[in-house]
Amino acid sequence: MRNNPEEEEEEFLLNHSQNSTKGGVKTIPFIIVNESCERVASFGLQPNMVLYITKFYNMDAARASVLLNLWSALSNGLAIFGAFISDSYIGRFRAIAIGTISSLIGMIVLWLTALFPQIRPLPCGQDQLDCNAATAAQLAVILCSFGLISIGAGFVRPCSVAFGADQLENKENPDNERVMDTYFNWFYASVGISLSVAITVIVYIQVQFGWQVGFGVPALLMVLSVSVYLIGSPLYIKAKPKGSLFTGLFQVAVAAFRKRHINVQLNYSDDCYYKAPESKLLKPSIDFRCLNRACIIEDPHMELKPDGKASDPWSLCFVEQVEIMKCFLTVLPMWSTCIMLLVSFNQPLSIYQLLTMDRHITPQFEIPAGSFGMITVLSLTIWIAFYDRALVPLLSRYTGLPTGISPFSRMGIGLFLGIVATAFSAITETIRRNKAINAGFEDDPNAVLNMSSMWFVPQLALYGVAEALNVVGQIEFIYSLFPKTMSSFAAALYTFGLALASLINSLLVSMVDSITSAGGKTSWLATNINKGHLDYYCWLMTFLCVINFLYFLAVCRFTDQHHHDGRSSLFPEVEEEHSENRCFHGA
């Protein structure tokens, strides 16, 4: 059947020729500037935000940490929602526009809280005992700013890279694959540069020039982001939404439940299954057999239209949809093992530790406490480059794997290094706290110790290597199961993992603070870290990471048994692409 005129126009736009006035390389600077400004502005707010909340909203450090973890969880969780709304309803251009404007408004509101003391509670007295809690209206203002920034991040981040790909996709161009690869390299390079600028330049501005300037610069960056993006509007290819992967997953679950009366133990012929045109999958696999009900045709006259399409996609799904759902269920246990590692990265009061240590590089220059996260970023980047260029060729000679070692091994080594890094953080805090008490600073949390902040370098560097190994291993594992058309699914799962990790972190901090402060005792996570016991909290995190590592080993064994037939994917074409990576061994 011929497509209708609208579908033909959309297909033309998506596969435009080199002579088209829409899309092309000329649009990429607008998209990358928009994404870069958003990331610099939003990530630049995070490192020092706990200091702003505790000082100007009179919260203790534990509650401020919970609030900021919930903000992080909302931002990452909304990325899934933003991708769904974009793919299903409004398209990527509108999603990015809405997100950028929302971030701009949120940052302006946050800037106003620094400019006008009237919308903040009165400062505490000299003894820090006479403190006024923020009113409901004052809290509403800053929470509104956080919410608007989260909405912006949720719409911009999952859509920008795909929107740029829409502009360059040109099947008529023989160099299309090279062009796309170059684009992705430049895009992710811009993300890395943006994160580096946020952690260093924006944090330095906040420390040196105060909150009014420190919040004003991100707001101005968002003005630039909105302006540049909208200026490029006439040049963009604006593909229409085609539906979301997540909708397909829900459809399989609903359809399988509706047809729960079907006996899946019976042997059905290939003609009984609903297949996509030119599909290589003639029937579903035997894994998670209960889901096969979703693609079984019971009554062709009722369930199929004259053109062969399903009358109700919530009652009848393609075989491919069912197999994607099975892959999703297969991935979930292994994906869940990375959550605890992401939780351990976020130590709630680490910035307070750094504020009590000597951070001078020279007598005149002192590293801002919020900029130490740059060590993790550099460590991650250097390790990935070293592993890809030096270790992979060497390891491949011995393992026979093109990736050097299996994804399971990379994930396991990453989890182990995460345990070591968390143990280092506990040891460092024990030494720091003992020095503070021995120096008589137990009641003075602002006193600077004769202890170098370089003690933090090993643990932060190890966190970077751990994340590089584990996350890349996770992505490789997911890619080995899903077809290329679903490559963005790995990023979506990682983003959701960040959201879940932030929620778990909030829960842990709340529970530890509540339990350890019961009966009038000093909380482990007291704002005065010299009186608290942050080292105990770090040891608790180390113990949880060890439990998670044992869970990972159990998942490895389960995955190996589940794939007893030697296949690495439920999709034949993926099996061909990844035939060299069939081995599923424990770490």
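Here the Cβ of each residue, glycine as well, is placed from N, Cα and C on the backbone.
Computed from a predicted structure; not experimentally measured.
Taken from TrEMBL, the feature transmembrane segment covers 66-84 (among others). Among residues of the same chain six or more beyond the transmembrane segment (66-84), those with a C-beta under 8 A of the stretch's C-beta atoms are 42, 46, 49-50, 53, 59, 95, 99, 146-147, 149-151, 153-159, 244, 246-247, 346, 348, 492, 495-496, 498-500, 502-503, 505-506, 509-510.
Beyond its flanks by at least six residues, the transmembrane segment (96-116) meets 34, 38, 41-42, 45, 52, 56, 82, 90, 141-142, 144-156, 159-160, 163, 210-212, 214-216, 218-219, 222-223, 225-226, 229-230 of its own chain at Cβ-Cβ distances under 8 Å. Annotation source TrEMBL lists transmembrane segment at 96-116 (among others).
Residues or ranges marked as transmembrane segment by TrEMBL: 136-156 (among others).
The transmembrane segment feature in TrEMBL is assigned to 186-207 (among others). Remote same-chain partners of the transmembrane segment (186-207), defined as residues 6 or more beyond its termini with a Cβ less than 8 Å from a stretch Cβ, comprise 28, 32, 35-36, 39-45, 47-48, 160-161, 164, 213-215, 217-218, 368, 370-371, 373-374, 377, 381.
Per TrEMBL, the feature transmembrane segment maps to 213-232 (among others).
Taken from TrEMBL, the feature transmembrane segment applies to 327-347 (among others).
Residues annotated as transmembrane segment in TrEMBL: 367-387 (among others).
Per TrEMBL, transmembrane segment is recorded for 408-427 (among others).
Annotation comment: TrEMBL describes 460-479 (among others) as transmembrane segment.
Marked as transmembrane segment by TrEMBL: 491-516 (among others). Sequence-distant neighbours of the transmembrane segment (491-516) (same chain, 6+ residues past either end, Cβ-Cβ under 8 Å): 62-63, 65-66, 69-70, 72-77, 79-80, 83, 157-158, 245, 331, 335, 338-340, 342-343, 345-346, 348, 471, 474-475, 478, 522-525, 533, 537, 540.
Residues or ranges marked as transmembrane segment in TrEMBL: 536-558 (among others).
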(message) Short question: most Cβ pairs under 8 Å with the transmembrane segment (367-387), which of 136-156, 213-232, 327-347, 460-479?
(response) 460-479
(request) Please check if the transmembrane segment (408-427) comes into contact with the transmembrane segment (213-232), where contact means 3 or more CB pairs closer than 8 Å and the residues in each pair are separated by 6 or more positions. (result) no
(message) Give the nonlocal contacts of the transmembrane segment (536-558) in its own chain as ranges (CB under 8 Å, at least six residues past its ends).
(response) 333-334, 336-337, 339-341, 343-344, 347-348, 408, 411-412, 415-416, 418-419, 422-423, 425-426, 429, 512, 524-525, 584-587
